[in-house]
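Engineer: Take this structure first; my questions come after.
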Amino acid sequence: MSGVQGALVHHGRSREIEGDVVALEPAMGDSTLLTVRVPSAVAAEIRPGRFFDILCRPDGSSDPLLRRPYSVFASDPARAELQFLVRPYGRGSAWLARRRRGDVLDLLGPLGNAYTLDPGARHLLMVAGGVGVAPLVLLAREAVASGRNVVFLLGAADASGLLAAGHLPSAVEYVVATDDGSKGHRGFVTDLVPDYVRWADQVFACGPEPMYRSLRNGLLPLRIGNRPRVQVSMEREMACGLGACLGCVVETKRGMRTSCVEGPVFDMDDVRW
Ligand SMILES: Cc1cc2nc3c(=O)[nH]c(=O)nc-3n(C[C@H](O)[C@H](O)[C@H](O)COP(=O)(O)OP(=O)(O)OC[C@H]3O[C@@H](n4cnc5c(N)ncnc54)[C@H](O)[C@@H]3O)c2cc1C
Ligand code: FES
């Protein structure tokens, strides 16, 4: 990589940018919070839910071939910085989580759509599973800054996998669940949802698809009509990230839609489960 920090290459709807790694810190057990310097214009156009496809291989290597998608966890246009929360699952993510300060990353984006806040919604319920927390942290910050009330539910395997409360605005009501009961509710994060359904004007979720199924099953009998509306981020495995390979399609009531371009955020009621 040439190492020209912040160089922009336009690719139609998306841009390939080079970003310097400026900080790394451990977060949520085995994950890493990666701070990357990017052009401030890029940081300024981030919306909660959008993501970047990041090249996860050293210069000169073609393995792994495909980029890996990462949601934006935080965006600071004044400092020209983005943050990504990286959990090591396999080769690509493990490589990314091992970066050092001064390394240069190749990012494509921002890609995809974003969560949308209804103008009249005052009470927002956010439901996160594991590193699905990333786009919802950004959304919670935006919601609190606009004077809304946020309840943020997070589920993890155990206490070490939870996000430190300091990453959320202090005005957020933060409630956690762990599989082993080492902190908060013992059980699934979706067990907590019924307590807040009548309070919430909108619900936003990010996590694995089984979590969405259980969220939906719990919500359906409690909703009045289709209220509160629920938006979910469908984090499918993605090959191209550009709408070309159709590897990430989601079946909706409007037909097949690509998660990388027409998502990743979908209305829960629009998805065929
Ligand atoms: C829109 C979008 C946003 C995302 N945002 C984030 C984020 O903010 N932080 C983050 O850590 N991850 C995020 N992911 C998931 C991340 O892209 C994958 O973890 C990554 O691509 C895995 O690549 P790999 O090369 O490490 O694993 P691979 O070698 O491709 O896979 C290794 C093994 O891990 C399994 N695996 C891969 N990903 C996951 C997963 N997410 N959950 C469970 N098992 C998995 C695979 O099935 C395989 O068995 C996001 C995914 C999408 C689609
Ligand atoms: S990843 Fe290729 S169409 Fe979405």
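Backbone N, Cα and C atoms are what each Cβ position is placed from, and that goes for glycine too.
Sharing the features that TrEMBL gives for it:
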BINDING   Arg68, Pro69, Tyr70, Ser71, Leu85, Val86, Arg87  FAD binding site
BINDING   Cys240, Cys245, Cys248, Cys260  [2Fe-2S] cluster binding site
DOMAIN    14-117  domain 'FAD-binding FR-type'
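Help me picture where these features are in the structure shown.
Structural biologist: Cβ neighbour count for Arg68 (FAD binding site) (all protein chains, 10 Å cutoff from its Cβ): 23.
When Cβ atoms from all protein chains are considered, those within 10 Å of Cys248 ([2Fe-2S] cluster binding site) total 23, not counting its own.
Sorting the domain 'FAD-binding FR-type' (14-117) by DSSP state (H, G, I as helix; E, B as strand; all else coil) yields 12 helix, 46 strand, 46 coil.
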Engineer: Indicate the candidate from Leu85, Val86, Cys245, Cys260 with the smallest number of other Cβ atoms within 10 Å of its Cβ, considering only these binding-site residues.
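Structural biologist: Lowest Cβ count within 10 Å among the binding-site residues (Leu85, Val86, Cys245, Cys260) is Cys245.
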Engineer: Among the binding-site residues Pro69, Tyr70, Leu85, Val86, Arg87, Cys248, which have a Cβ atom lying under 6 Å from any atom of ligand 1?
Structural biologist: Pro69, Tyr70, Leu85, Val86, Arg87
Engineer: Give the number of CB atoms, excluding that of Ser71 (FAD binding site) itself, located within 10 Å of its CB.
Structural biologist: 26
